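Colleague: Mind looking over this structure? Questions follow.
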Amino acid sequence: MDFNVKDFGALGDGASDDTAAIQAAIDAAHAAGGGTVYLPAGEYRVSGGEEPSDGALTIKSNVYIVGAGMGETVIKMVDGWTQNVTGMVRSAYGEETSNFGMSDLTLDGNRDNLSAKVDGWFNGYIPGQDGADRDVTLERVEIREMSGYGFDPHEQTINLTIRDSVAHDNGLDGFVADYQVGGVFENNVSYNNDRHGFNIVTSTNDFVLSNNVAYGNGGAGLVVQRGSYDLPHPYDILIDGGAYYDNALEGVQLKMTHDVTLQNAEIYGNGLYGVRVYGAQDVQLLDNQIHDNSQNGAYAEVLLQSYDDTAGVSGNFYVTTGTWLEGNVISGSANSTFGIQERADGTDYSSLYANTIDGVQNGTVRLYGANSTVSEQPSSGQQATLEGTAGNDVLSGTGAHELILGLAGNDRLDGGAGDDTLDGGAGRDTLTGGAGADTFRFSAREDSHRTDSASFTDLITDFDASQDRIDLSALGFTGLGNGYDGTLAVTTGSGGTRTYLKSYEVDAQGRRFEIALDGNFVGQFNDGNLLFDAAPVTGTEGNDNLSGTDAGETLLGYGGNDTLNGGAGNDILVGGAGRDTLTGGAGADVFRFEALSDSQRNYTAGDNQGDYIIDFAVGEDRIDVSALGYTGLGNGRNGTLAVVLNSAGDRTYVKSYDTDANGYNFELSLAGNYQGLLGAEQFVFATPPEQATIEGTDGNDSLQGTGADELLLGLGGRDSLNGGAGDDVLDGGAERDTLTGGTGADTFLFSARTDSYRTDSASFTDLITDFDPAQDRIDLSGLGFSGFGNGYDGTLLLQVNAAGTRTYLKSLEADADGQRFEIALDGDFSGQLDSGNVIFEAGVFNAKDFGALGDGASDDRPAIQAAIDAAYAAGGGTVYLPAGEYRVSPTGDPGDGCLMLKDGVYLVGAGMGETVIKLIDGSDQKITGMVRSAYGEETSNFGMSDLTLDGNRDNTSGKVDGWFNGYIPGQDGADRNVTLERVEIREMSGYGFDPHEQTINLTIRDSVAHDNGLDGFVADYLVDSVFENNVAYNNDRHGFNVVTSTYDFTLSNNVAYGNGGAGLVIQRGAEDLAQPTDILIDGGAYYDNALEGVLLKMTNNITLQNAEIYGNGYSGVRLYGTEDVQILNNQIHDNAQNVAYAEVLLQSFNDVGVSGNFYATTGTWIEGNVISGSANSTYGIEERNDGTDYSSLYANTIDGVQTGAVRLNGAHSIVSDQPGTGQQATLEGTTGNDTLGGSDAHETLLGLDGDDRLDGGAGNDILDGGVGRDTLTGGAGADTFRFSAREDSYRTASTSFTDLITDFDPAQDRIDLSALGFTGLGDGYDGTLLVTTGSGGSRTYLKSLEADAEGRRFEIALDGDFVGLLDASNLIFERPAIEGDAGDNALLGTSVAETLLGHAGNDTLDGAGGDDILVGGAGSDSLTGGAGADVFRFDALSDSQRNYDTGDNQGDRITDFAVGEDKLDVSALGFTGLGDGYNGTLVLVLNSAGDRTYVKSYENGADGYRFEFSLDGNYQGLLGNEDFIFATPSGQQLLEGTAGNDSLQGTAADEVIHGGSGRDTLAGGAGADVFRFSELTDSYRTDSASYADLITDFDASEDRIDLSGLGFSGLGNGYGGTLALQVNSAGTRTYLKSYEANAAGERFELSLDGDLSGLDESHLVFDERVVLAGGDGNDTLSGGSAAEELLGGAGNDSLSGGAGNDILDGGAGRDTLSGGSGSDIFRFGDALDSFRNYNSGANVTDSIADFTHGADLIDLSALGYTGLGDGYNGTLAIVLNDAGTKTYLKDRGGDAEGNRFEIALEGNHADQLDASDFIFATAAAATGIEVVGSTPAEEQPVV
């Protein structure tokens, strides 16, 4: 319908004020349900409203303003207007407006003739509130001469389009997009505006700017930027085509935004940059023409720059990363510095491909980011960099060439196809290059290292020496060697299956670089695959321009005036001769000078050949002058360099004043002021001339060392020696000397005992002031001491003084002169001195020399121990036991064992069986190790070989272990470097070999353990250790037992047979300790053991390969609560000898009772195994249905099993006859923002929470983004995009969490919506999805228009236009059905949600993964849901029935019901709940064995059958109604009467019966019924008549009477708000009555049949008010007939009390309150619950729809108001609007922010309201009431 404004009085004469007339036309169109308001050609003058937010004209829903054309119809502000106008035409503030707009006219702000700020167009909802304007269209609109903004759609608008419009000569921006969602600016022009042409701000997203033009603006042509620091940045914005030129600042500026694409635009002639990316992420600049910018100064055409807001409002630093520039044609102006430039401010990860750049002045490209790249070739895909987090990441590349950065954490990186660069970063990483020529880059030595106690070594799994490379160029190693002096050693593990590249030199933290490679690469490393130093970039003798890359390189300029730029990486720049300009770029660079002529100056001749360093970074870069002989900074003389600042303060010179024969002196300069910043640490100086020996005299000398390695000899006298830097040797000589080593590894040498001694009367003890036990040594090798001891017998006693400030090494044996050797050390070194830092003499100690006999009878323990102690005292050695049997006894304490080995001592015999150490007969003590290391001491470099330990178990009674070593469990320390070879341990009652807790680098090889009472071999917390070529047999428990945090452990070619437990077990040691991890089991055999061949229990990252496992009692291999286990290329056969088991069993472990955890077995990889079953073997490979999942089975050969080759229950487990294409079949994200990339295999990618990016790569993949706003790319192959919950992808009125599918192929890809309940395509309502596109047709949306309780509407987006292409072939709405027939069927589901229909027959249904529905149908069926939330549905009684008379049992059996997840659907059968099995209920019955629960009815059908099914397990006390889907009980739940005299009869169900007014007869029937009375007039009497209701069957045992809405307080005498209980004389009727009447003479009375004199307050509900509470959103709460309390909470709520005396409290937000019938209270608990701010325009005033004077109350007691008045001093004013339709209660004072309390009452209450209608803070009544006919003028808000 059209509404011509001239019909409403508008003149359009350019003089008259037409505001009212045009607004009247708008209002009329709105009242008619919508229409077009037409303005014929003319000039229509308009004025503003009372407030800025009123604008001039307010447009409303479904109304469009249309003119005769731009310039023909003009709406113009009146002259002289002085008040701000936030939108000449606008939508109403605080109201959601939709389907409106404007076209074919001009808005003129008349800025020259008024003084106020006036904006042109404005629309939008309240910032931060839940709401939005929608579907707004502006076409062919001109906005000009505004003093403010032109087009200003503002905050929370969805689907706005502005096209073919113009903004010019406005005071601020031409076009603004402020929080626009799904909008379009198309074919618009913005010119000559004072600020920006286009300004996109404040969370705007999913927004398109197409073919717009901006020129001649005072700011930038187009800006996309953050609006406020606490709001999300704009994102997902496409700028396509158009032109941005001749603007004063940038053509396009992208500032603090992300995911923006700028393409196909022309950008030229702008004052600053053509394009500036400023603190933005993931921006694409594609195929643009950018030229002739930088008109106002020297700038790059394209600048990439980070934004430092740390001192600003947010406190954040916004790094520009992930910028992609491709296919742009860039040409510079005379001022343009670079074509593309990164600032050196953290900007990084820029990717430049195939850009054409010319005409720039300084260089085409300048990149500083260490990970930024440039190529002249087109890219192979956008994702050039995959970056992890600080956590443990799994990153997988695609078929492209990628850079994969793990960063911190223990990461798994897989390059996939392509020539990739993998950089694990910090943490213990696993690196797999995949196909292609890959580079494994190490950027810092600490990225891959080990210490003495832990390994953080990276593992390369698939190094190809013929094409892959290891880049070590950033680490400073010089090549391969012995691991010292900057070289790397190449070693292999004992089995030759792993190669190590390692340095033996530690840093200050004890870290030594090491990497590991799977496989043997000895002899295969060369310059082609190990990059120690990047190939040099060399110049010529001419003037060269050399540029590095992002690697560490050496740039050699040679002769000429060269320009060298290192780029990223740690570079070395050598300018050579000539005057060179040196720029290091990013990284730690070295500027090296190899000759004086490299940088020199002749002040006499005026010849300046000094080099110039542009960007020297203090603390990172260095200047190397070591080749020139300069030794330090100084005055520039005598081999020193002076630092001199020029007079301008902008250049620093480093120079020598010493000239050569030609008059030249060395000099270089640095750009900038480095005074006070340069120190010796910024230089590499020459080592001062070496002084090999600094010798003193016989006097008291003070000797000072230098930075070299020196020998300081004090000779006689009391000397003071200080070694300085370097590894020095200090020998004080005679007398009392003070020795200070200084930095470096120093040796304190004592050449004679008399060099340092004391007597009884005097001390001549030398003092060492700074001994470092980690690197320094004390050399006593020439003094004859044998080691540590008690100070006697050639030993030294270690003693610390009482204060703990000084340590002494002393002999207590004096020489002939009474002198006892002694030295002192400053500090407490107890426990820190050992053979590693105190040098004694070592040798071989024969036990027989110490009294051992070896005769098989004598106790040789003391003699052997004496030999051990002597070897230790001598600094280490070998204790040799010749052939014989050496009996030993225990020492008494179990922890002392029999023999105690010590540092540096090895126990060696004549051979196994030749030398036997045997426990004496009759020993009854517990012995924790016949041979062991000391408890609580760190012992290193010790072991045992070529002998037998015999525990003599038949002739002893204590628990005896053979070998034991280790440190205190849980403490910081470890035994180290332990070796046992050719040792037999037998006949122990306990363990054989038991290396225990915290041992590093232990090797046991070629040894045997047999006939022991527990395990043969134990590995308990071993690190970097090996068991090799050992045999364990006939032990009572396990052959090998690996426990307690053991990691980096190898078991190679071991054999275990005939043991009473398993052959090999790897398992957790205790619930509070880390699990064993990173263990390789390679080769060997495990057979004929009583339990499993190999058991892996509560462990992770284990590989079992190349072994033969057979003849064992249980499974060959059992995985029990493990993660990431590989079982590869084994022979597993003929196991399950003792019981029916699978050959390979995968099972989860329920440890809730101990640790509280459930350990699911996941990530198992089984490939290439040959498996053959025995007569008992059930399956070749079986998963238990207990949460075990993500198993991947490839190319295994299985035969001879009895039940089936494979049984998998995991929803994500897979099996294939083909070899696997990679280990990772499932990629799973975290709760953060993840980037997951698939490979060429078929994979499932699970994003989980967070805003994830999933890329399937090749293969037929399943992508499930999970919660968050995800970007899904299927890649090659037929991919499925799965949505598991509606909240995985949705939008609300104000925010979008919509997932985006970037590459949907309707011919092969599918979208799986089967779990969401949608029925198909449609209009978006009634369970259908609507297909729409964005305005440009470049994006398709699948959306529901129906919101859930939280306001969420399901929606997904697809890049591209798929209208007409989406159908049943690519959209999965319904779960697929798997159907049987009338026979006995076995139906197996898959990992998706399905319906399994068995139909008739005795069927077996297994849902496997997914949320399945299982319907067995007729017959006795077995139902297994599998993983997921499954529903077991029964459609007929005959689906599961039993006849107890005939014995026919057709009951179904459910094997795996999961309480809290699965459901039992009996709704079709009419059962209404759990009960006694009668009257439509079901009863739960447990069988006598307690292992099966029956769900049954006791009511037989006509054929004698009753419904019954069973569940495996005991569910008594676990199953409740919530686990069932029951039928709705028959009959109404609420029986509601009318106003007449009703007769209401209940049923057997529980009902609420409300007769309402009238004299009603009420009967509840069976069940627990409630008789409700909401108002006094529901049941009452007067003096002359009775209208009392009668309850005929009140059951005091279960019924109740609800009086909560009437205000009675309890039973009493009928007065004071109580009710009297009275029985008539015949005892046939009981009355509840009040004797207090209301004004109409009505008093409550109720009759009940029978004598109910026993009624008490337990049968009556007096004040049990139900609370209905909303949330923080916009809630609608509706009460019933009872008295309720309705709490809205935050948000704009709608509260309706219904019947009853209700309390309504809207809370914060603009609420609508309706009490309904009854006496209601409208309560306000905070002044901001209902307020208005006339300054800001905020209107949050609550409205009461049905206030009733004399019945309802308004409760203001919490706010402090004392009465009615003028609105000041604690009173409220009553104000009536002009129309007399609304009454306001107002506080005219307000708070400090200008917020004024205000309530609106619908209707005219001005003459009725008085103090009796309120609950004030005090009882003060108002003395006067001010009634104002119209609203007074308020202060005007500033918008």
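Glycine is treated like the rest: Cβ placed from N, Cα and C.
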Colleague: Under Swiss-Prot, the annotation region 'Disordered' belongs to which of these stretches: 543-566, 1215-1238?
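Modeller: The range carrying the region 'Disordered' annotation in Swiss-Prot is 1215-1238.
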Colleague: In Swiss-Prot, which of 372-392, 414-434, 687-707, 939-959 is tagged region 'Disordered'?
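Modeller: That would be 372-392, per the region 'Disordered' entry in Swiss-Prot.
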Colleague: Can you name the far-off residues of the same chain, 6+ from the ends of the repeat 'PbH1 3' (180-202), with a Cβ under 8 Å from a Cβ of it?
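Modeller: Contacts of the repeat 'PbH1 3' (180-202) (Cβ under 8 Å, skipping residues fewer than 6 from its ends): 132, 150, 153, 155-174, 208-228, 231, 234, 237, 244, 247, 1291, 1294-1296, 1334-1336.
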Colleague: To the repeat 'Hemolysin-type calcium-binding 9' (732-748), which of 133-155, 387-399, 695-709, 1688-1704 is linked by the most Cβ pairs under 8 Å?
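Modeller: Most contacts with the repeat 'Hemolysin-type calcium-binding 9' (732-748): 695-709.
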Colleague: Mind checking which residues of the chain, 6+ beyond the ends of the repeat 'Hemolysin-type calcium-binding 18' (1688-1704), have their Cβ under 8 Å from one of its Cβ atoms?
Modeller: 129-131, 1574-1575, 1604-1607, 1665, 1669-1682, 1710-1723
Colleague: Given a Cβ distance threshold of under 8 angstroms, which distant residues of the chain, six or more beyond its ends, lie next to the repeat 'Hemolysin-type calcium-binding 8' (714-730)?
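Modeller: Distant contacts of the repeat 'Hemolysin-type calcium-binding 8' (714-730): 695-708, 736-749.
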Colleague: Please spell out the DSSP helix, strand and coil residue counts for the repeat 'PbH1 1' (133-155).
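Modeller: The composition, in the requested order, is 0 helix, 17 strand, 6 coil.
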